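Colleague: Take this structure, written in structure tokens, and hold onto it; I'll ask about it next.
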């Protein structure tokens, strides 16, 4: 049908056939102009699953397009908005993004970038929250154009203040979130990306000034042109970004992983290329039709600074031209995606060749295969390439705040320690960068002082006022990691302070019940909360995650008839139905908040009781023990709906009745389950074993790389293993321990994991006869789930004599080494000469 219409039009008498060449030429020209105006498209891509990206300006045209692109690649997104997160606009947009991208890890957080107190509040919430991981800070709120042509709307002081406020918000967010970035693992690739407008070149001249006029003691009366004002804002951000990179590279503690001259797996990175694993860059998407031209024509009817009918009319009438020569949001984000996707220098892994002469250095024989392009730290990017912007080097005077503090009054204070920053000459050099930094500092101080103080709320809820005490303290930081995770822990891991010297619940822990005898089937509710009155001291501000262990076993005289369901902070953790064997649960606790443990225990007849030990493992490496006693609360009735809700007022509940200690009749002693199940694993070794299972004497290396599932981050792991005849086990290059009795498996805890990729390595030794290794690895993830990984053919075995150098390091690429092969499975647990092995109880 379409071809028929086209044929009829061409053969029509009204079609100017004589002008066909002109029409074709014009059409081709328009296509070329359109393609050129849209700019370059990035040729890179990157899997962003399990990467957390904080985005500002996410609800603008450019921001929404960015959010969609990031979400499609699996990123965990935190989008800041000045609107309440429960507002209709935010709720609808977040819901649409989740549905259209099939990514549930998209969240909105309220943070008004025009308010210093709101920024401080958000950063405080984030820094004390469950997960402090940040892989990228993407500041897109400065890109949207502010101001219009003077004949449409004259410039105002309010508009200039808004420009400078947005810049100060960027600076404040970076400085407040920087501690979380600096304590991240040095292997993590972290990027700070500032998105700026295209008018930066207009300010790159001798008239450029660093101070913020809106926050100066006497603001200048002269008004800058709109393009110069926007360009000054963009150029300040670019210079600030470059100076931040100088500061990061000059930090006393190196951020890039150290390299060993004897290692062939980590390249030696030139110090001039990159020193920090945190890379700060600026990027200019270009002139966007929606975010630049619409405000410029005073036609943005969604903006806070108004619009005019004339501007909207011009914007609509000029649409054909605007769509031809200015960028769409999809084209505008290409440069932003480019700086997110291209690799940084320290992520380039060398593929070293083994030296023929053992006396030769591995480094001397290594070959670093660099890609076509790597990210240049501190640079300005536009059209997916570095922009060599030249800014005059000008020595600026100290801001007034610095001058006043330099004069001082009374007793002199020691001079602040200053970092020695090299003058690289880029974007005005170190002098210009320092002046801009100090201008930001002075303006932020004035901005914070100028903000009206909000009256303190008198009715704010305080810990313990609702009848529920607090497990924790205002000064302690607890890191909640998992919810609804059921895993087991060995008694060997528990500190000596835990009252359980035998493999059963401690004799110091009394069972308790709502009544000593319940004649019919009935459920009872129990609740407990605790206070840890301890502040940690020292210079450390943030601690790594820790988990919390809960032992719980309800008792009944008849085996198999008793039931229990455990809740922590309202979330169901697990359940059990055997009083003779305790269950072991691992959950996360909230920091600086109430933590409520609740149990729904069911009795099917006869005496009833419930016993538990709670071991809280705090982030500062301290521990605390809570036992079941009269401090727990209960009801002599069926549990009400919502009894596990931490907000429930349980002040009317009664104290639980203590019935006796563990071992008391009629319940007797309770056995703890094995720490981990090893019965589903396989015995493995290299393919050097013969039919009888005998293997050469010596050491052999094994590796297992566990990659976190999409959308999950690993938080903790447990390993149970044994080797015939001996072993040393490693996790991410760190030794966990050794053993020499293959009849008795050992259990090890790994408290610090990489969220994305973890390598477990084993140095197994055979002293003669059969040789085999068996293990189970349990990994807990941040979404409350866990997974077990057994020894099988997915493990890698090194089939050379001895173990290769740095085989236990995560950076070692075992897929490239010709001597690494899939491990040989000798048989399931219980098969072969090794037989059964003992596993420590939880």
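From the backbone N, Cα and C atoms, a Cβ is placed for every residue, glycine too.
Annotations in TrEMBL come from automatic prediction, not curation.
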Colleague: Of the ranges 338-359, 360-381, 448-469, 470-491, which one does TrEMBL flag as region 'Disordered'?
Modeller: 448-469
Colleague: Can you dig out which of the ranges 400-428, 516-544, 545-573 TrEMBL describes as region 'Disordered'?
Modeller: 400-428
Colleague: Note the mean pLDDT of the domain 'Ketoreductase (KR)' (52-124), expressed as a whole number.
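Modeller: Across the domain 'Ketoreductase (KR)' (52-124), the average pLDDT comes out at 92.
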Colleague: Just give the helix, strand and coil counts over the domain 'Ketoreductase (KR)' (52-124), going by DSSP.
Modeller: 35 helix, 16 strand, 22 coil
